[in-house]
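Notes follow the structure.
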């Protein structure tokens, strides 16, 4: 059992806070020294001073590096904007389907009669349309097309609210 303990201690060397290997009591008593090997890693820094740049780089290449970075940044921005537009249009289309469903039910004579008879039904339809309008308001209009699409659905929802309000209850 003791051999197993010594083996596991050798497999995982410990280090002090200064980064130097620390020998355990078992390693010291056995006369085992930790293997130390110094590896030098070259460190290169990017400087903005052209005088300190490496001689291998041509002046044209130094100018192209920022251009590549800005081109990459533009590409990332375009992809992100496209993602946001698709996401917002998808949300608007789901709300539009709900507004279309409410319009379809209102055009059905049965629902209009129910709204005339029951004040709670009128309130429920108005509240549903209001919540859809709030959802539409929460969608940011990044692109002009998204704004136009959102405006069209908002106008349709408001016109449906006016239709519901215009249905006169029977007394």
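Any Cβ shown, glycine's included, is placed from N, Cα and C.
Residues or ranges marked as compositional bias 'Polar residues' in TrEMBL: 1-11 (among others).
The compositional bias 'Polar residues' annotation in TrEMBL covers 45-56 (among others).
The compositional bias 'Basic and acidic residues' feature in TrEMBL is assigned to 57-70.
Sequence annotations record features per position, and here TrEMBL assigns domain 'BAG' to 91-168. Per-class residue totals from DSSP over the domain 'BAG' (91-168), listed helix then strand then coil: 68 helix, 0 strand, 10 coil.
Per TrEMBL, region 'Disordered' is recorded for 1-70.
Across the domain 'BAG' (91-168), the prediction's mean pLDDT works out to 90.
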